[in-house]
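Asks: The structure under discussion is supplied below as structure tokens; questions concerning it will follow.
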């Protein structure tokens with residue numbers, strides 16, 4: 001199972017250093033199935049027992065792109081895993097860069113956690129699968145370092161996860177399109193994680209607020 005933590009705009013370098021130290025000690029050995037996405041200002045240079053990923057980046061090595069992170073910056077911290085397509089980035093105008101980001105990350109051999117998800121109106125209109133398929137049309141579903149995270153927008157940050165029957169329907173559909181690992185994200189917590197992980201085709205979870213405290217993240221990993 002893959003356990004990924006998106007820390008979003010939380011943690012400083014000092015606090016994430018403590019987070020990483022505790023997680024490293026608990027794990028004891030390197031595990032590529034544990035991924036943590038800290039904010040970029042908190043990136044750590046030292047080797048960890050988990051994969052450190054980037055929440056955002058610009059599809060360039062470097063250049064005249066004010067305020068952006070290029071490959072050169074990720075390389076400095078040994079980062080080879082990126083999050084692409086999160087709804088909070090799409091809402092900020094990231095939609096037009098998604099294909100360029102994917103293509104760049106693939107070209108450079110990055111592990112990619114690619115997020116897809118529908119809003120409540122799309123769900124209620126019965127067009128979820130059609131919508132998700134369209135979101136996936138711009139990427140290579142056979143890329144060997146791809147992970148797809150299904151995060152229904154109506155569940156992100158609301159404390160209310162999607163119904164397991166809805167999750168199962170979506171993951172079964174996605175499994176018919178690709179053989180890459182499939183994650184669920186959206187208000188994952190200690191009360192629902194076991195049920196979510198028991199859904200057929202679920203290969204793990206992308207966790208938000210429930211992973212902000214390292215002790216909670218460890219508890220979710222251990223089950």
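Cβ coordinates are placed from backbone N, Cα and C, and glycine is handled just like the others.
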Asks: Given Swiss-Prot annotates 6, 7, 8, 187 as substrate-binding, which of 28, 157, 223 belongs to that site as well?
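Replies: As annotated by Swiss-Prot, 6, 7, 8, 187 share the substrate site with 157, chosen from 28, 157, 223.
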Asks: Residues near the substrate site, 6, 7, 8, 157, 187 excluded, by Cβ within 8 Å of the Cβ center?
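Replies: Neighbours within 8 Å of the Cβ centroid, excluding 6, 7, 8, 157, 187: 156, 207, 208, 209, 211, 212.
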Asks: Looking at the recorded positions 8, 86, which one has the fewest other Cβ atoms within 10 Å of its own Cβ?
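Replies: Relative to the other recorded positions in 8, 86, 8 has the fewest Cβ atoms within 10 Å.
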Asks: Can you tell me the CA-to-CA distance separating residue 7 (substrate binding site) and residue 86 (active site, electrophile), as a whole number of Å?
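Replies: Residue 7 (substrate binding site) to residue 86 (active site, electrophile), Cα-Cα distance: 13 Å.
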Asks: Name the residue among the binding-site residues 6, 187 whose Cβ has the smallest number of other Cβ atoms within 10 Å.
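Replies: Taking 6, 187 as the binding-site residues, the minimal 10 Å Cβ count falls on 187.
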Asks: The record names 6, 7, 8, 157, 187 as the residues that bind substrate; what is their largest Cα to Cα distance in Å?
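Replies: So the binding residues stretch over 14 Å, Cα to Cα.
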Asks: Near residue 157 (substrate binding site), which residues of its chain come within a Cβ-Cβ distance under 8 Å, counting only those 6 or more away in sequence?
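Replies: Result: 187, 208, 209.
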